[in-house]
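Q: This is the structure I have questions about; it appears just below.
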Amino acid sequence: MTAFFLLWLALPGFLCAQQACSRGACYPPVGDLLIGRTQLLRASSTCGLTKPETYCTQYGQWQMKCCKCDSRLPRNYNSHRVENVASSSGPMRWWQSQNDVSPVSLQLDLDKRMQLQDIMMDFKGLTPAGMLIERSSDFGKTWRVYQYLATDCASTFPQVHQGQPKNWQDVRCRPLSQRPNGHLTGGKVQLNLMDLASAIPASQSKKIQELGDITNLRVNFTKLAPVPQRGSYPPSAYFAVSQLRLQGSCFCHGHADRCAPNPGGSTTAVQVNNVCVCQHNTAGPNCDRCAPFYNNRPWRPAEGQDTHECQRCDCNGHSETCHFDPAVFAASQGTNGGVCDNCRDHTEGKNCERCQLHYFRNRRPSAPIHETCIPCECDPDGAVQGAPCDRLTGQCVCKEYVQGERCDLCKPGFTGLTFANPKGCHACDCSILGARKDMPCEEETGRCLCLPNVVGPKCDQCAPSHWKLASGLGCEPCACDPRNSLSSQCNQFTGQCPCREGFGGLTCSSAAIRQCPDQTYGHVATGCRACDCDFRGTEGPGCDKASGRCLCRPGFTGPRCDQCQRGHCDRYPVCVACHSCFQAYDTDLQEQARRLHSLRNATEGLWTGTGLEDHGLASRLLDAKSKIEQIRQILEGTSVTEQDVAQVANGILSIRRTLQGLPLDLPLEEEMESFSGDLGNLDRSFSRLLLMYRSKKEQFEKLSSEDPSGAFRMLTMAYEQSSRAAQQVSDSSSLLSQLRDSRREAEGLERQAGGGGTGGAQLMALRLEMASLPDLTPTINKLCGRSRQTACTPGDCPGELCPQDNGTACGSHCRGALPRAKGAFHMAGRVAEQLRNFNTQLQQTRQMIRAAEEAASRVQADAQRLETQVSTSRLLMEEDVQRTRLLIQQVRGFLTDPDTDAATIQQVSEAVLALWLPTDSATVLRKMKEIQAIAARLPNVDSVLSQTKQDIARARRLQAEAEQARSRAHAVEGQVDDVVGNLRQGTVALQEAQDTMQGTGRSLRLIQERVGEVQQVLVPAERLVKGMKEQMSGFWARMKELRRQAQEEQAQAMQARQLAEGASQQAMNAQEGFKRLKQKYTELKDRLGQSPVLGEQGNRILSIKMEAEELFGETMEMMDKMKDMESELLRGSQAIMLRSADLSGLEKRVEQIRSYINGRVLYYATCK
């Protein structure tokens, strides 16, 4: 109740303090820092510490008074140690230095940072002539002077100015004032820090922060006051301070209004505690840091009305710790700088605001906070392996032909989602003509979805009596004339119905004109001849009925329709349309060829006129011939490289410049005016070609970079080199610019032309020579990889540079740069696909090995757990067996005790027989046989684990071999056959690893099944043992009760036996007395036989006789009962022996069960 009352009294002050701190900076109340801390104060000089010292002071006007200073013991009345300056020491205690020692210092070394407000010093003797006060805020590492004090500042500290300081580094000297009554002793010095900084424009909080923070304080007495001499002996000169008061509090940076004792600190009673009770969410002994989880802004001392309160970090409930990051604070423009630590619930980020990799935001509104981020639910078959899902939406990164948020659906037109497919799904094997465009096949089954009237597994056939599959809209009915046609089924491609004799037309609806049958031509009257056509490339009747000209199907060409038309790739008879980019390139190239041919025809007239005289013409012609010869030598080499092609291009360029630079008459001026527009069009056409080429090249490089195969990169580089070589040969954009320059040069020459010259004949001869020499056909054949039919010279090279009209390829022995590049590109694609499949198989093998290791670990853990269970069960059963054995011995001893009565024996026997054992002997034996059978079937765990380790080691070895094969495949440079061989070896190794892992998995599953069977048997056994234990506990209590009853009955039996023995003895004595009495009665009867009257004595004798007979009868009856009891005890003893024999048999069975269980426990304990 008292504590509650004190708390009630302190509560208003605490609430007021909180309110004060909530309005701005707050500071604790001040007190004397020296009280309780005098042990931290020291002086550089103290009188009488080693021996007593005498000092003399003036007494009156002309007398001297001398005293002793003995500071060896602190409690001496004349001890003047430094701790006497504390206000708690009393008025008659002071500190005094040694005589004539200067300078002297008093220094206070605090153990914590404190806030100083006021210094007050009372002197005992003369006031020093000069002194200074300084402080340290870093425990004595650096010192700063508060103020210099002197009676004469100019002479004592000439380098220090007087007045008020103007800034924090400005230190001034203040004169010491004299006492008004003229006394020389008992002066005072007071230094108030707020008054000291009164001239500095700063807030009170700033002044306290700059001046009040101290860890050490030092007062240096630098000059003794002059001592007046008025007698024969001068007074002693010394420094003495009677009282030093340091008003201050704990230093809290404006974040606390009270101080608390230091936990675990000194027990000395102090007036000012040194631990701040922090407010504003700050912490630390001096509130010099933000409290845990309040680091959203940097810590700052409180100033005036601004508390600079530390703000709580925003971790969205996923963390309780954070730290301040200046970089984050600057990036947020001073808004928040807290960075959360140890984010939980699978979150991360400076505010735990986003989910970790492979987790995404739970979109369920009522989800608990620990389920904010849930694992990605990507389908491993359709998602890119290892790629994380989107952290906000959960959208997985799908393979190329897979879609859906979980990547569990094939895109339209694809089916068969599998993990092994690097693209996820494969294209539907459906006809592009007969299947639906929006969904060619079903995503799950791959069954093709046909257009109307289209049938077949691949939707590649028209339904009966339908045709025109190529329309792409489904098949149409044949509409055969039912009277004039042989059947309703028409040709699926042409729609031609089978007509009766004399009828024709598509539907047999009109009378037929007699003509030669299909695949023949001519007239029926003059005879029909067979068409000379390859009918695999013809359509309809095969050839024209009149001329015999073959009618080629679209995509086929040639006189016999046995060649692929330009724009169709592959080999005859399979002619499919080339890629759309070919059509764009081909159109532009044909336009270019047409314009170049027009230019060539337009410039032919320029060679007929006479040229200007040019003395350097001969040298230029020779130079052209040498370059042509050099080009011919380069082209005759065994291989064509990029440098060779560049030299050929330079040679051709030089020849053209030579030809175009010759001085000729230019008669066709009107044609020259149109050349500028033609060249501009050609320039724009080549610019478009160049952009298309670069775009395709970038796409190809991007696709190539996704495949890490070294062989693929090598082949790609080879293809790029060949492509650049072909591009340099076929690129004419630079030639057009050169033609433009040549045209300008020709115009200059035209302006210089003033008449005839002597070079016309030479030009004509050169023109004739250039028309036939050099022959560029071999060079073109090397570049194009095929035989050119028409000759190509610098003067005349008709047609395309690499004609493809016949559509034939150069075959496997092609040596052309362009076909080689194409072949290399296709080969690279196949190798890249094989490498991707190989990587997928390696990943699957890794997963299988990891699963096997985890399964082995689980089996080992199960075995250890089983061992622990068996060991525990063994200990429990041993304890139960020991208790059972002791109980049996006690029961046996109890039953064989001769003093135990039959009723007690019967109760014990019935209690023993009422015990419920696990089952009868047959059932126990059957359970033991089941356990033995299961144990016999259970494989040796050590051997299985050893085999498992061997299998895992073998799998790892095979995996290493596969990795080496893959590395060798990556290191191949051009050896494609070796790459394929290594891939086959890797596939074989992977198959062996998979077989090994499957065998290991079977072994592990067998172990797990056996462990389960053992557990199924052990669990009932444990329950039986526990049941026996409970019954034995109850039986034990019952035995104790029966033993107590038996002991009581035994005591009663002993008492009854004693009574029976006494009664028997009395009966024997009575019988003997009766015999004697009977004998005397006979004698008396004989003596008194005459008298029939017995008298009084006779009556007495008769009564005695009757009593004796009654007593004898009772005695005989008691003897009979004792005999019956003896026989009954004999029968009980025999029953006890029988029951004891039964218990011995049961004890043997229990021993057998325990021995067997101990054996199995030992076996399983060593199987780990």
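Placed from the backbone N, Cα and C atoms, the Cβ positions cover glycine too.
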Q: Tell me which of 244-296, 668-720, 827-879 corresponds to the coiled coil entry in Swiss-Prot.
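A: It is 827-879 that Swiss-Prot describes as coiled coil.
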Q: The disulfide recorded in Swiss-Prot for CYS340 goes to which of CYS315, CYS355?
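A: Candidates were CYS315, CYS355; Swiss-Prot matches CYS340 with CYS315.
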Q: Please work out, from what Swiss-Prot records, which of CYS552, CYS569, CYS575 forms the disulfide with CYS564.
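A: That record, Swiss-Prot, gives the partner as CYS575.
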Q: Under Swiss-Prot's annotation, the disulfide partner of CYS407 is which of CYS398, CYS425?
A: CYS398
Q: According to Swiss-Prot, which listed range is coiled coil: 341-363, 594-616, 732-754, 778-800?
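A: Among 341-363, 594-616, 732-754, 778-800, the range Swiss-Prot annotates as coiled coil is 732-754.
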Q: Identify which of CYS475, CYS490 is listed by Swiss-Prot as the disulfide partner of CYS478.
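A: Candidates were CYS475, CYS490; Swiss-Prot matches CYS478 with CYS490.
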Q: Please count the residues of the domain 'Laminin EGF-like 4' (428-477) that DSSP assigns to helix (H, G, I), strand (E, B) and coil.
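A: The counts are 3 helix, 12 strand, 35 coil.
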Q: Around CYS533 (disulfide bond), how many other C-beta atoms are within 10 angstroms of its C-beta?
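A: CYS533 (disulfide bond): 22 neighbouring Cβ atoms within 10 Å.
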Q: Tell me, in order along the sequence, which disulfide-bonded residues from CYS259, CYS343, CYS398, CYS478, CYS550 have their CA within 10 Å of CYS278 (disulfide bond).
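A: Close disulfide-bonded residues: CYS259.
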Q: If one measures from the C-alpha of CYS528 (disulfide bond) to the C-alpha of CYS490 (disulfide bond), what distance in angstrom results, rounded to a whole number?
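A: That comes out at 25 Å between the alpha carbons.
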Q: Cα of CYS250 (disulfide bond) to Cα of CYS428 (disulfide bond): how many Å, rounded?
A: 83
Q: Write out the long-range same-chain contacts of CYS550 (disulfide bond), meaning residues 6 or more apart in sequence whose Cβ is under 8 Å from its Cβ.
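A: Same-chain residues close to CYS550 (disulfide bond) (Cβ under 8 Å, separated by 6 or more) are CYS531, ASP532, CYS533, ASP534, GLY537, THR538, GLY542, CYS543, GLY558, PRO559, ARG560, CYS561.
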Q: Counting every protein chain present, what is the number of Cβ atoms, excluding its own, within 10 Å of the Cβ of CYS315 (disulfide bond)?
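A: Excluding its own Cβ, CYS315 (disulfide bond) sees 25 Cβ atoms within 10 Å.
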Q: What does the structure give for the C-alpha distance between CYS352 (disulfide bond) and CYS315 (disulfide bond)? Integer Å is fine.
A: 5
Q: Going by C-alpha distance, which of the disulfide-bonded residues CYS259, CYS287, CYS340, CYS552 is nearest to CYS313 (disulfide bond)?
A: CYS340
Q: Considering only the disulfide-bonded residues CYS315, CYS340, CYS398, CYS552, which fall within 10 Å of CYS322 (disulfide bond) when distances are taken between Cα atoms?
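A: Neighbours among disulfide-bonded residues, in sequence order: CYS315, CYS340.
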